[in-house]
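Before any comments, here is the structure.
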Amino acid sequence: MQEVKAAATSSGNLENGQLTASPTSNKVERKKISSRIRQPPEGDVVAGGIGITGGGVVILPQHVLNELYHNYSIKQRRSGLKWFLLAAVLFNFWTICIPWEQEYAIRMINCTMLVAYLALIALMHISHQSEKPALRRFHHSLLTIIPRALWFISMLHFAFYVMLQSSISPRDVLGWTILINFLIYVTLPLPLIFLGLVVGFCTYFNCLSLPVGFSRPDPLISDQAAANAVLIATAALIGLLYYFMGEAKQKRAFLEAKKSLEVKMVIEEQSAEQERLLLSVLPKHVAIKMREDLGSSSSEAFKKIYMSRHENVSILYADIVGFTAISSTYSAQDLVKMLNELFARFDRLAEKYQQLRIKILGDCYYCISGAPNERPDHAVLCVHMGLSMVKAIKYVQQKANSPVDMRVGIHTGAVLAGILGQRQWQFDVYSKDVELANKMESSGKAGRVHISDKTLTFLNGEFEVEPAFGEKREELLRIAGLKTYFITKVVKPFASPCNLHPDHVDANRSPVDSNISSNDNNDNNENFAGNDTDATLDDEELLAQSAVANDHDVTANNDDEEEQIKLQNFKQRLKDELVTRDGHENLTKDTNIFLRFKNPQLEQAYAVYREPYSSLPLLAALLVQCIDVLYSYLVLPRSTLHFINIAAPLVPIAMLVAVSIAESFSGMLPKFFVDISKRFNDISFVRELAAIIIALTIGLSNVIDMFFFVTFVRTEHIVSESEFNATAGLEEMPTVEHILPESFVKQMREAVPTDPILYPSYLSNYSILILIAIAVIAQLTHLTKIVLLLSIAALHCFFNVCIMQDLYALEDSLAHQPTISTRYCASGLLLVAALSLSFLARHMDHEDRVIFKWKTEVAEQKETANDMRQRNEALVYNVLPVHVAEHFMKNTMRSHDDLYSQSYSEVGVLFASMPNFSDFYSEETVNNQGLECLRFLNEVISDFDALLELPQFQDIIKIKTIGSTYMAASGISLQRTIRNDAIITERWSHLAVLVEFALELKHALQGINEQSFNHFVLKMGINHGPITAGVIGARKPHYDIWGNTVNVASRMESTGKAGAIQVTEETCVILEQFGYTFLQRGLVAVKGKGQLMTYYLQGKSESRTVEPKAALERYESETTPERQGVVGQKCTIDKEVDIKKPLLVLKTHEISMEGTTESGLGNGTIGESQSLLE
């Protein structure tokens, strides 16, 4: 009990889910809080929790937290108020009906009090059920007044009843005083200070002093007063024990809910950031479907493919003309930064013009309109997007001081949109029309928006055009029968569609003229209206907005305001979780009439569940049995047999109580004893059986005491025969003496004392204390307790009425023969107590189930939020590498345009494509307009992705897929620390692993060919060297790698032959150290690098073919042109396999390759033979 009291009455500070003795330690904790978070006033003690603000803590002033808990605790205790009221009403009925000889004035007062009780009940019910705000406010005020008013009325009633009686003794209302001193601590929703110092003391004083002060003359009045004081104090102690137990239980529930809410808010915040990051990369409908399918097993033969076909979609390709020319003057990292800033502006324009950005390929940006949500103005928005992109390129012109420009191509048709593979997902579009859109870009002109005639049909005359004759510059356009046009003038300027229904966009456009000349369409743009905050911004303001967003003072103020909003949000949510909701009413729909949960699993969990310190109420039973010795010594015959009878049960009760509560005092008792206690309590049947044994023992002990001893007090030693005959003549009823053997009766008569003390009503009043001790036992359900309470009460009533009638008759004679015998009054009061405690036992069980249900709900909510976070996390980590995803999710306060990039000096890059997949792909009806072809490609890429799960390939990162081309890299790890002077085999071990991965790709494809009866081959290229890795477009993150290493690796693949792995001479030298053998191919022209000596990987031998020292010299020396010529004469240049020209060539560059060795920016997509479907 001391532990519970200490836990509940220490200074009352709730902090970090614990109770703190003083606020001193909090001053130290505040110093550790991040300076980013607003500090509370110096006088406030803060309550911390798990971080919800980017690694900070939840800061609640202590008075706020205590106020929340106070409101929560009072609200939960209000549900017990009606049971105090019920007990008062039952006592009122007792005062009206039982003492029949009372005067008219007393009866009127009792009836008046009954009306007052019923009026309070009606008032509470009406105000609670009413929906009127005024009555609801009145009900709230009433809930504060009623507990005090009810206590005052009950004390007033008790005082009037005692003072107005013509003849009363301290025994007459002792049962009610015992009960009410227990109930005020258990049922009245009052603060502890007020409750303990005022109500408790006043109740105890009134209940003890009034009956004694107004008692009729009695020679043993002092003994009765002492006995009353002991019994009433015991009831108050049990009430305080239960109060502290309930307070500790509520406080644990509050703190657990607070901590759980903190954790849940952390999870929700992380999940929201993951959701934002995920939805910035994948469309919402795809992300939701993938999240639902995450972790589910499928019995289908093919892996799940998230692909859908969309008709009437406008596809925009935009390329920076001349960007390769300026790349030689910038480092790769500076170029990445420049692209990031430019594409961040493009992303803002895409939001404004309702575009869905698909992918960034080097310096190429492409997006679509009209998918996944159909809209009739898709082509119009796409053209506005293209015109704005041409305008936005001014940024690069000014930044690089170079005449770069945008070339934009737009085509309208059908697309297959979705993702392929199982890792590093990227939303992409596939179709012949996508190829044609790319050709529209490559055949266009710098500074112009090039559209096809199919796009023109959807423009509804909103733009003026002129023929572009792109079909003469591009064969694929001519074959497709397309006519092409340039946009020359905007007839109807752009109006924001964000607040308009798509079907009514055209009718709501504002007529503002704007002309765009064929050569200078950047200077004549119209006034734009964007969505959200961009609704009133033109393009120049929109593109300049990022500069304002980076202002540090504004950011700091926003951060501070956001912290305050989160603090208020946490406070309100905590209030909603615990204070506002009414769990007692909500439990009704989850339980039946017997308070059993309708969910069997929940009921089973509740049966097993144990609250901490739930065994401590068993101390009440031990206390009650000990009090039996003390009070009976004062007012009952002092018999050896009597003391043996009441002391004997103390041994088994003490043993069972000690075993049950030992686990609650683990720091004070031996470990083996605590372990025994835990095992004892872990078995629900055993602990319930022990509680039942204890309850029956204390109940039957009093009954046995009555049966075997008190009934024999009426002997010649105490009461004369004449006196007995006088009292016995009142009723003729059988006694116990007629049942027991005469020798036993004689022995019992010899054992009794000669002191003439006869107060049998004390045994009945003491039984109320027994009922209270049974009612607070937490190990038993309310049904079990009700059965025990009513059974023991009925047994005592039977003894009062049928067995002890002669002794009660003698007690009545001392009271001048009342109209209704004391045995009936005592029995009636005993039944009032039994009924009141039965309802209270149900309330206690109900309260425990409410707390358990809350804990279950909180755990379920936290688990649901955690499951959502894990699912989002799994999806995010499949979109971005782990270290990149963590950077974006942890830095929640970053600017959307912040650049993320890392430089790596020793990286291996692999490109692997299926050049003959373009022959396989067709958009015929038989293969569902190309969907079945992509389903097969999804199987191939998924099998490739599955190889990355193998332990030996865990350091290889998939970068992306471009159509049927698979790109991966090794050596990209922030944890990788290799000394510069390390040997080649140590520094480049990951490159050998990358080669093994490439060979496994060939084996995997071979297995697929055997199963599907196909003959696909892989064409692969590998290179090594430094790269820059980073994210382009932080609003819609796209992770990629750039640098000459990537460019050359892409050339090794595009210039290689099917079925072979082509590498440069430097890569060959390194891989030879690992036992790989190569066939020299010869000099290969590589754009931007000139002539490079390349080799085909042959296999792996047991012994190395090149000495390490010689190899090192070859690796470190530069290859001279003369040596290249010599090597070129010796090598055998294999004739490449003739593969059908791919469907789509991604890019054709205007920079010639004649001997130049510029350090161009590339990400593996700049190749003449690359295609989206390759």
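Every residue, even glycine, has its Cβ placed from backbone N, Cα and C.
Given the structure is predicted, the values throughout are model-derived calculations rather than measurements.
Features as listed in TrEMBL:
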- Asp319, Ile320, Asp363: Mg(2+) 2 binding site (BINDING)
- Asp319, Asp363: Mg(2+) 1 binding site (BINDING)
- 319-324, 361-363, Arg407, Lys960, 1040-1042, 1047-1051, Lys1087: ATP binding site (BINDING)
- 8-26: compositional bias 'Polar residues' (COMPBIAS)
- 510-533: compositional bias 'Low complexity' (COMPBIAS)
- 1-37: region 'Disordered' (REGION)
- 505-533: region 'Disordered' (REGION)
- 1155-1174: region 'Disordered' (REGION)
- 45-63: transmembrane segment (TRANSMEM)
- 83-101: transmembrane segment (TRANSMEM)
- 108-126: transmembrane segment (TRANSMEM)
- 146-164: transmembrane segment (TRANSMEM)
- 176-206: transmembrane segment (TRANSMEM)
- 226-245: transmembrane segment (TRANSMEM)
- 616-634: transmembrane segment (TRANSMEM)
- 646-669: transmembrane segment (TRANSMEM)
- 689-713: transmembrane segment (TRANSMEM)
- 762-780: transmembrane segment (TRANSMEM)
- 787-808: transmembrane segment (TRANSMEM)
- 820-841: transmembrane segment (TRANSMEM)
Which bits of the chain, at least 6 residues beyond where the transmembrane segment (83-101) starts or stops, bring a Cβ under 8 A of a Cβ in it?
107, 110-111, 113-114, 117-118, 120-121, 150, 153-154, 157, 161, 165, 176, 179-180, 183-184, 187-188, 818-820, 824-825, 828-829, 832, 835-836, 839-840, 843
Students should find that the Cβ of Leu361 (ATP binding site) has, within 10 Å, a number of other Cβ atoms equal to 24
In sequence order, the binding-site residues (Asp319, Ile320, Asp363) whose C-alpha falls within 10 A of Arg407 (ATP binding site):
Asp319, Ile320
What is the interatomic distance between the Cα atoms of Arg1051 (ATP binding site) and Asp363 (Mg(2+) 2 binding site), given in whole Å?
17
Whole-number Å distance between the CA of Asp363 (Mg(2+) 2 binding site) and the CA of Ile1041 (ATP binding site)?
13
Segment-segment contact (the transmembrane segment (616-634); the transmembrane segment (762-780)) at 3 or more Cβ pairs under 8 Å
yes
Cβ neighbour count within 10 Å of Ile320 (Mg(2+) 2 binding site)
22
Compute the C-alpha separation of Leu361 (ATP binding site) from Ile320 (Mg(2+) 2 binding site), stating it in Å without decimals.
11
Listed stretch, out of 108-126, 146-164, 762-780, that has the most CB pairs under 8 angstroms to the transmembrane segment (176-206):
146-164
Using a threshold of three or more Cβ pairs below 8 Å, and leaving out pairs closer than 6 in sequence, do the transmembrane segment (762-780) and the transmembrane segment (146-164) count as in contact?
no
What same-chain residues lie close to the transmembrane segment (108-126): Cβ under 8 Å, and 6 or more beyond its ends?
82, 85, 88-89, 92-93, 95-96, 102, 135, 139, 142-143, 146, 149-150, 153, 156-157, 160-161, 164
Environment of Asp319, Ile320, Asp363, the listed Mg(2+) 2 site - residues of the same chain whose CB lies within 8 A of the CB centroid:
Ala318, Val321, Phe323, Gly362, Cys364, Tyr365, Met406, Arg407
Sorry to bug you, but what's the C-alpha spacing from Ile1041 (ATP binding site) to Ile320 (Mg(2+) 2 binding site), rounded to the closest Å?
18
Please report the distance from the Cα of Asp319 (Mg(2+) 2 binding site) to the Cα of Ile1041 (ATP binding site), rounded to the nearest angstrom.
18
Cβ neighbours within the same chain of Val1048 (ATP binding site) - under 8 Å, at least six residues apart
Asn1023, Gly1025, Thr1064, Val1086, Lys1089, Leu1092
